[in-house]
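According to Swiss-Prot, the protein has these features:
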- 155-165: compositional bias 'Basic and acidic residues' (COMPBIAS)
- 167-176: compositional bias 'Pro residues' (COMPBIAS)
- 41-89: disulfide bond (DISULFID)
- 51-66: disulfide bond (DISULFID)
- 67-112: disulfide bond (DISULFID)
- 87-128: disulfide bond (DISULFID)
- 139-176: region 'Disordered' (REGION)
- 1-37: signal peptide (SIGNAL)
């Protein structure tokens, strides 16, 4: 059995955790946690240490321990602040340890059966702070909110802007 140095194990865990943080990027994030409640790099490292041989390319599949830690972190990394923190941990590890393959880190969720994982390639130059931004819902065009758009010379134009139109469809005919 080969032993892994603590610094290498820490790097792996950090990288995998940041990758898992991407899995919840598409969903709307809840409010940021209270200060001090987000995952620490140490917590992430301990959970994902078994993934190190896989992301270094020394094993063809992640171990059961790796998948267990990855699934747990995927479930716990929900807020934008947690995603930003995990990303920054991964970037630090990737800058420190050159033997970690970012492509393999991105494959951990797929190999471990983590559904809806949409991990982009992990890059040491990405702006992690963008992971904390919640996407906005698109606004309806004014024409759909206030009825047809008319020009300023139309007398109904001002009335439409002041009073939104609500159209109710007629009731369906009753069957005899």
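Heads up, the Cβ atoms here are built off N, Cα and C, so glycines get one too.
All features noted in Swiss-Prot, drawn onto the structure.
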| residue | record | CB count, 10 Å |
| --- | --- | --- |
| 41 | disulfide bond | 19 |
| 51 | disulfide bond | 30 |
| 66 | disulfide bond | 26 |
| 67 | disulfide bond | 21 |
| 87 | disulfide bond | 26 |
| 89 | disulfide bond | 27 |
| 112 | disulfide bond | 23 |
| 128 | disulfide bond | 17 |
DSSP three-state assignment (helix, strand or coil) for residue 112 (disulfide bond):
coil
Tell me which of the disulfide-bonded residues 66, 87, 89, 128 ends up closest to residue 112 (disulfide bond) in space, Cα to Cα.
66
Under DSSP, is residue 87 (disulfide bond) part of a helix or a strand, or is it coil?
helix
Could you state the CA-to-CA distance between residue 89 (disulfide bond) and residue 67 (disulfide bond) to the nearest Å?
19
When the Cα-Cα distance from residue 41 (disulfide bond) is computed for each of the disulfide-bonded residues 51, 67, 87, 128, which gives the smallest value?
87
About how far apart, in whole Å, are the alpha carbons (Cα) of residue 66 (disulfide bond) and residue 87 (disulfide bond)?
18
